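Residues annotated as GTP binding site in Swiss-Prot, with similarity to another entry given as evidence: Gly13, Ala14, Gly15, Lys16, Ser17, Thr18, Ser176, Lys177, Met178, Asp179. According to Swiss-Prot, the feature site 'Stabilizes the phosphate intermediate' maps to Asn72, an assignment based on similarity to another entry. Under the heading region 'Disordered', Swiss-Prot lists 212-232. For 223-232, the entry in Swiss-Prot reads compositional bias 'Basic and acidic residues'.
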Amino acid sequence: MSKFGAMVMGPAGAGKSTFCAALITHLNLNRRSAFYINLDPAAESFEHEPDLDIKELISLKDAMEEVGLGPNGGLIYCFEFLMENLDWLTDALEGLTEEYLIIIDMPGQIELYTHVPILPALVKFLSQPGSLDVRMAAVYLLEATFVVDRAKFFSGTLSAMSAMLMLEVPHINILSKMDLVKGQVKKKDLKRFLTPDVGLLDDDPVEHTRRIAEGQDAEDDESKAPDEKDQVMKGASFRRLNRAVAGLIESFSMINYHKLDVTNEDSVAAILSYIDDCIQFHEAQDPKEPHDDEETEEFEG
C-alpha cells in the first residue's frame, strides 16, 4: 500500500513552515488527514504541533555543543544522525494509511539541497517499495520578493533546479508570499517570472535605471579593479555570470513557478491540487459509493 507525501523545501525565510501550517489547516477543513513531520532541528515554534519532530531524536543545539560544530555543520551532522536511525521514521510512518498526506517541513540551509547526498538518500529510502513506499513530491518555495532583484531571483531558481536534479522526484516550484509583491510588480510583469528566461535580464528596470544614472555604455570599464567600483556585484563580470546562470536555467527548460498566497484559501487549494496530481493521490483512493438515504429508509421499513 502506497503512502503519499510532500517534502517542503526552500531557502531560509521562504515561508515553508507557514505554508505547511496553511496546508494542514486546509486539509483539516476538507476532512483530509495530514501527518506533519518537522525535520528542522533548529525550529522551535509551530502553528500546528508536529506529529513527528526530529528534535525528539537530535537537536541542533545538542549537536553543536557535543560535537563542537557551527550551525551549518551541526545541521549536516543532525541529518547524518537521522540517516543512521531511519527506524525512527519507519516506526512512525509504517502504520499510516493512504488517506494521509505526509508533510515534511525541511530546514532552509541550501547546502542540503545542492552540495551533499543526504537528501537524495533520504528520499530514496522513503519512496522505495517496502514498508513505507511513499509517493513523494518535492515542493520548493522561493520568496516572491526575489523578482525585484533579478540576479537574486536567478540564483534562487538555480538552487531550485539543483534540488530537482538531485532528488529525482516529481517537483513543484512555488513563488511564495505573493501578498508582499502586490503593488510592487505588475501582473503582466510577474507572469514572465513563472517561466524564467534570459530575456528577464535584458528588461531589468533596475539595471536600466542604473546605467542611465551613471552614464555608462553597454559594458563597464573592466580595467578598474573590483574595489574601485561602487559595488562589485554590479560590474560587467557579474552581469555575465547572471546571464550564464539564466542561460543554463533556460537551456534545461525545467523550471515553472506557481504562485502562492497563504492568506488566500483558493491559492492554497490550487497548490494542494498540483501536489495531488504529482503524486496521483486521488487515483489511489478507494471509490466511495453514494448513499441513498431514501432507499435505505424504505429497506429498513
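First residue shown is number 1, and so on along the chain.
The backbone N, Cα and C atoms fix where each Cβ goes, glycine too.
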Lowest local Cβ density among Asn72, Ser176, which the record lists as recorded positions, within 10 Å: Asn72
Candidate with the highest Cβ count within 10 Å, taken from the binding-site residues Gly13, Gly15: Gly15
Spatial separation of Asn72 (site 'Stabilizes the phosphate intermediate') from Ser17 (GTP binding site) - C-alpha basis, Å: 19
Chain-internal residues, separated by at least six, CB under 8 A from Met178 (GTP binding site): Ala144, Lys259, Leu260, Asp261, Ser267
Integer Cα-Cα distance in angstrom, Ser176 (GTP binding site) to Asn72 (site 'Stabilizes the phosphate intermediate'): 24
Length of the line joining the Cα atoms of Asn72 (site 'Stabilizes the phosphate intermediate') and Gly13 (GTP binding site), in Å: 16
